[in-house]
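> Before we start, here is the structure in question, set down as structure tokens.
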Amino acid sequence: MCVGNRDACLHAGFCASVPQPPTITHQSPKDYIIDPRENIIIHCEAKGKPHPSFSWTRNGTHFDVEKDSKVIMKPNSGTLVIDISGEKAEAYEGVYQCIARNEHGSALSNNIVIRQSRSPLWSKERIEPITVQRGMSLVLQCRPPAGLPPPIIFWMDNNFQRLPQNSRVSQALNGDLYFSNVLMDDNRNDYICYARFPHTQTIQQKQPITVNVLDTMNDTVLAAFLNGSDFWGGDPSGERAPTFMQPPGMHSTSMVLKGDTLQLECIADGLPTPDISWSKVNGDLPSGRFSFHSFQKTLKITEVTDADGGDYRCLARNRLGSNHHIITVVVRAAPFWISAPQNLILAPKESGMLTCRADGNPKPTVTWSVNGIPIENSHKDPSRKIENGNIILSDVQTGSSAVYQCNASNEYGYLLGNAFVSVLAEPPRVLTPPNHVYSVITNSRALLDCASFGSPLPKITWFKNGQSVVDGDLYIIHKNNTLEINVARPVHSGKYTCIASNSLGNKENHVYLEVKEPTRILRQPEYKVVQRNGMAEFECKVKHDPTLFPSMIWLKDNMELPDDSRFEVGSDSLTIHDVREDDEGNYTCIRNTTLDQDSASAMLTVVEQPDPPRDLELTDQREHSVRLTWTPGDENNSPIQLFLIQYEDSLHEPGVWVNMTEVSGTSTTAHLELSPYVYYSFRVLALNEVGLSEPSAPSRQYRTNPAQPEVNPSDVEVIGTSPDSVTITWRVKHFDFVQGTNVREYILRGLNKVSLQIIINYVLYVILVPTVAPENVKVYVQNWTLAEVSWDAVPLSTVQGRLNGYKVSYWKLRSLHKQDPEPKKPQELIFQGNETEGLLFGLHPYSQYNLNIRAFNGKGDGPTSSNQIFETPEGVPGPPADLKVENLNLDSLIVKWAPPVEHNGHLTGYLLKYQPINTTDKLGPLKELLLAANETSITLDNLKHSTRYKFYLNAKTVKGAGPTVTEEGVTIMDEAMTSKQVDIATQGWFIGLMCAIALLILVLLIVCFIKRNKGGKYPVKEKEDAHQDPEIQPMKEDDGTFGEYR
């Protein structure tokens, strides 16, 4: 018997010299509808050794191609091309079959039915208007002409607009238009049914149908409408329960072929319009294969199976009742293969069997043919017999090759299968290339091929380094003789030999297996959070087999990296310079070899200071309080930690913003306690890990009213100075009791006719301030511009009055990079009430600071705490100073600069970018250079001469790049050429020549002046008189008129 490699040899074309019976490789479909405007092409291709010849039958009899000048058979092919120009395509309709034959047998194509597509015209008819009473049901029939293939139906109006359809009005599967009930809006004269024939792309139109809808019915109206019109309905129609219009009655049957699409339809009459629902009796609708169409009126089931047979219920329901219809679905099946006949290659004296198993509903009839002749009519072969529908071959002889046809048919279709039996005697051949090297990765599967051919079928034996390989746990030998090593290890590397042997000889072949180390990423890219304008670097270091050379591919969000010079791909890394917001995403490193790959991904998050809050509003306005609300700005990928609220008193301290309070980053509102007689404006700042946002726009101004003093003057003394006068003195607590306004008068009571001398005794004012400094002062540095300070509250007994808050003073001592020329002035933050922690904003990076705290009440400040010294970390540097671009020669420029005034850390280098600018100010390609920190100039060679360039320079620290400074420069012309031009102008002979020319012009002018004074005409004047300048003549056309402007 032929199994595996002998058949594969013939099909793959490896054994071109081996005889082979014909095999059909390509043919036209069984049902072939042709376009009458185009030539008919009926395909039939086959292979075999020798190459087969072709012939055709038509309607069961031989079709002589050579006798018909309109029919051509393609060379080395059985394909027919029929030229129908000047002919009717109907003349070539029929059933065609192709026969491909050579000396070893004949193969048959399917029966190919050729039919011409048709799009017949609508038969002429006179359509009477239809009169129907409002509320009644109605059917508008389409009945298109029968076409091939059937037409597609749709309804439109005179304006070629599709008629609206809904649950009340819908088109049935047969194309008719159904109205469950009619409304007055349905009254129209342009119901037009169209039929589109898809094969010829033509559209046919039915005559328009007029529908007259009557609202009420009486004898006069009825007589008028019934005169020459059809009438739908009887008694006046009111609301009614559903009844079925399509299909009618309570039960119907539908047949469908297995594998086709089933469409069941239910359309109901009723008022109100019924709702339709579907279910399967004794079962469920097939999951994933059913759908509803035409407003639930059509149930569609695709790829029908036997299980889809049975009863289906459609239910129509409205508020007056319900009705149902049962559709019994019967599933039939055209023949389908269970086991199609397969080709056999047998050696002389071998045995084999051809099987042909097909099923269908009803059960198909199976018949056999040999070389196209029914087997019962073919010559008798003692080595062949039929049992249970199979052909048994035994002790076959050379020369008994043939092609067998199996035909399985029932009333719904047929199957035709060709299978050849080739009797061969061939020694073994190994088809796998010799000395082929197989490379696999450790722990993966290795498959070593030994494709062979021979008849009788060769036996395959495997060896490794001379040792026999046995089928077992370690090795698996497949039926096609492929050797599998399920888990390959380095010890499996080596030389493998397969030997193919049969009764006619032996053939061996050597292959080699190499087991490689896997490719693994050892240092994967890690999640990065980078500030805008900073630098992000992802590592991707790999370990791999030394004989493999991995490539590296970087992806951003599974797409190629942007074409941007900021992305620098190294041998084991990806660096992104000057990070922008759109660089955020998922970065994947893929390390590929020819055998395997490994990949790893990491996210890049770009952060920056939050956007300022917006939309500040003041609500809940009271005498001494107000509520402030705002909308947070974008947090820029770093959660907002808190909001800082500041106020300005435009009455007493305009332009000075004072910290008022802080609220959590999740809040968008704050209740603010206010003091009397202050003109408040508020603003809000947001803080995240990167730093503080810009302030919001100020709120509208909110003014508090003045208030009466809370306490009277103290320490009142009365001293008599004379018999009729006294001196009264008291102490004034300046702002605490005045409450935001000046004292207008003092009122004295209890004196009778006594003159007064009033002395406001400020000298006797005793200062009572807090007596204890805050303790346990701590500073936590958050980043290079922000720190948090905390302290312990002072005991209330030491406050000597009401505690107003704490004052935090801090100042920069020095830069950690250089010596400052002079110390900075202290800055002061005021924290109201009992607050014991706060934030210090606007710190200078890479600097040393001093800080102390003191409590204060209404009378003044208490003692200062001990100083706390803290340092800020490195930040991004300031801009480079004094950027200049100087011309060096024709194609070179020198760029010079000074280090930033503010280093803000240790400089790691400079990033210089430059690009040309053309005459239209369009920027050219951008180039980048990374320069060392100790460089302050660079010469750029090989530039374009006479070209303007724009330069961008940033200083960098470990925290990233600082602000960019820009400058422009131009490469000038060759200085030698310039100097040569200057030298010519300064030559003596050149100066003399110019003087001679000037003298000659002066003499000519004098002569002309003399002649003019004598009344003569100089030649130039005569020429002007003789020939008027045509440029100043009037513009005229040929006829002498002025030309029209065009």
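Each residue's number is its place along the chain shown, starting with 1.
Glycine residues also receive a Cβ, built from the backbone N, Cα and C atoms like all the rest.
Whatever TrEMBL says is automated annotation, not expert-curated.
Residues annotated as compositional bias 'Polar residues' in TrEMBL: 696-707. Here TrEMBL flags 22-109, 120-210, 242-332, 335-422, 428-514, 518-605 as domain 'Ig-like'. Annotated domain 'Fibronectin type-III' per TrEMBL: 612-707, 773-875, 879-975, in sequence order. The region 'Disordered' annotation in TrEMBL covers 696-716, 1019-1046. The feature transmembrane segment is assigned by TrEMBL to 989-1010.
Give me the structural setting of these features: burial, nearby parts and distances.
Confidence in the domain 'Ig-like' (120-210), given as mean pLDDT, stands at 91.
Across the domain 'Ig-like' (242-332), the DSSP tally of helix, strand and coil residues reads 3 helix, 57 strand, 31 coil.
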> Under 8 Å for C-beta pairs, could you tell me which stretch among 22-109, 120-210, 335-422, 773-875 has the largest tally with the domain 'Ig-like' (428-514)?
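Per the Cβ count, the answer is 335-422.
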> Is the domain 'Ig-like' (518-605) close to the domain 'Ig-like' (22-109), in the sense of at least 3 CB pairs under 8 angstroms with a sequence gap of 6 or more?
no
> Let's see if you can do this one: DSSP helix, strand and coil counts over the domain 'Ig-like' (428-514), in that order.
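Breakdown, helix to coil: 3 helix, 49 strand, 35 coil.
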> Work out, from DSSP, the number of helix, strand and coil residues along the compositional bias 'Polar residues' (696-707).
0 helix, 2 strand, 10 coil
